[in-house]
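Presented below is the structure to which this report refers.
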Amino acid sequence: MAVFLMQVIIGVLLLLLFSAASIAQKVYCGPGQQLEEGLEGASDHCVPCPHGFFQDRDHHSDTSCYQCAGFNDHDPLRRLVTECTRFHDTVVRCVKGFFYVYDPIGGDCLKCTNCTLLRGKYYEIQACSDTEDAICCDKEDMMVKDGTCVEPLVCGPGQFLVPAQADREEECRQCELESSNPEVHHRKRSCDQRQRDSDDEGGDNESSDKETGDFRRHPGHTLTTHNEKLVRDTKNRYTNGQRQSGHTLTTHNEKLVRDTKDRYTNGQRQSGHTLTTPI
């Protein structure tokens, strides 16, 4: 029993080692090559594509290359742009007004559709190209998706359009604060600033100007009242002191009151007012 278990373990280990060796020996080929499997234990290797075949992919394990497209030089509608090499296929284009349909055997040139000649009213939404026909839709504002006509996405009030990208389709998103779009159906990619922002700012400025103007119109009133009180308090203080001591107001006290009166009187004159209450 022990011998049997040992044989099983050895077999599993050999299988794992063989698998690891196979993964380690995996060969990838580049453009212009195809993989050729090794014979009789030889490792795989890459060889050039045979004549008339090409390979434009990199890091591949294809065992065969692609056949080059044929070119009929007797067809007046076709023109050869680039001959086939082992790195790329034949490049064929058609004369103006035709588009090329690829075919490994030879391809074909088909006439571009003229949307204005179709029965009914159609609009050319996608022009004819070298390899694709024109796409005609029955509405001028339609879009092309996967080769068919579809109604365009429209956004509503307060929204803006986010264009499609590789990982997502186009969508409508809400405008940020202080911005908006008043249109009902639109495809605008940005929002407009609200007009009331400037109005509010103007209103604030107007209020500030009004307050400043009021202050400038009445500074003398406040200053006059304040000065009168200071001078009156000074006079009363020294008059009371004089009465308590039984003496007349000293020269020093008279000068202090006079200087106080003159200082605030000058301040009033500078503000356009005179002292209203005599000392």
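Using N, Cα and C of the backbone, Cβ positions are placed for all residues, glycine too.
Sequence annotations record features per position, and here TrEMBL assigns compositional bias 'Basic and acidic residues' to 207-217 (among others).
The compositional bias 'Basic and acidic residues' annotation in TrEMBL covers 226-236 (among others).
According to TrEMBL, the compositional bias 'Polar residues' annotation covers 237-251 (among others).
Per TrEMBL, the feature compositional bias 'Basic and acidic residues' maps to 252-264 (among others).
Under the heading compositional bias 'Polar residues', TrEMBL lists 265-279 (among others).
Cβ-based neighbour count (10 Å, all protein chains) for CYS94 (disulfide bond) stands at 21. The feature disulfide bond is assigned by TrEMBL to CYS94-CYS109.
Look at TrEMBL and you will find 93-136 tagged as domain 'TNFR-Cys'. Non-local neighbours of the domain 'TNFR-Cys' (93-136) in the same chain are 66-67, 69-72, 75-79, 81, 142-144, 147-149; each lies 6+ residues outside the stretch with a CB under 8 Å from one of its CB atoms.
Among the features that TrEMBL reports, region 'Disordered' is placed at 186-279.
The repeat 'TNFR-Cys' (93-136): residue composition by secondary structure is 3 helix, 16 strand, 25 coil, according to DSSP. As annotated by TrEMBL, repeat 'TNFR-Cys' applies to 93-136.
Annotated signal peptide per TrEMBL: 1-24, in sequence order.
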